[in-house]
Amino acid sequence: MAEHQINYASGLPVVLTSVDKLVQWGRSNSLWALSYGLACCAIEMMAAGGSRYDFDRFGTIFRASPRHSEVMIIAGTLCKKHAEFTRRLYDQMPDPKWVISMGSCANTGGMFNTYSTVQGVDRIIPVDIYVPGCAPRPESFQFALMILQKKIRKEKASRKIAPKRLV
């Protein structure tokens, strides 16, 4: 049996931080994304989830339910008939929530400047990160996720608990 000696002369190992930083670190490193692929950009989003780019190492896991997601990734052309459904999905996501608009069609409507196309997802829901390109490479999407992680780490953790009314 091996004997281990611990030298406490230099003090105990202590980590000093705040609760806000700890919560934001946890949030930024465990992003559960709602993969909302509407057109060709969804192919690049699926490639980003594969073994070559391995988004799991960043803590990003794709989910099918908005109730289990914190990040909504809109990739592709959004039609006006589909806009109400998109808003409903966004409203079903728990707070805090973030949105990434991926590709030219999601950002500005792309080449589809018609009456039936929403000319930018930000007209329907608030967007945090825009990824340009047609279709953007997985590296661009990866960079956008890293920017979102930095943004989350800088935000203040909300601890507001609304009192429940009994009457």
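Glycine is treated like the rest: Cβ placed from N, Cα and C.
Residues annotated as [4Fe-4S] cluster binding site in Swiss-Prot: CYS40, CYS41, CYS105, CYS134.
Excluding CYS40, CYS41, CYS105, CYS134 themselves, the residues of that chain whose CB lies within 8 A of the CB mean position for the [4Fe-4S] cluster site are, in sequence, ALA39, ALA75, GLY76, THR77, MET102, GLY103, SER104, ALA106, GLY110, GLY133, ALA135, PRO136. The 10 Å shell around the Cβ of CYS134 ([4Fe-4S] cluster binding site) contains 13 further Cβ atoms across the protein chains shown.
Taking the Cβ of CYS40 ([4Fe-4S] cluster binding site) as centre and 10 Å as the limit, one finds 15 other Cβ atoms among all the protein chains shown.
Residue environment of CYS105 ([4Fe-4S] cluster binding site) contains 27 other Cβ atoms, counted within 10 Å of its Cβ in all protein chains.
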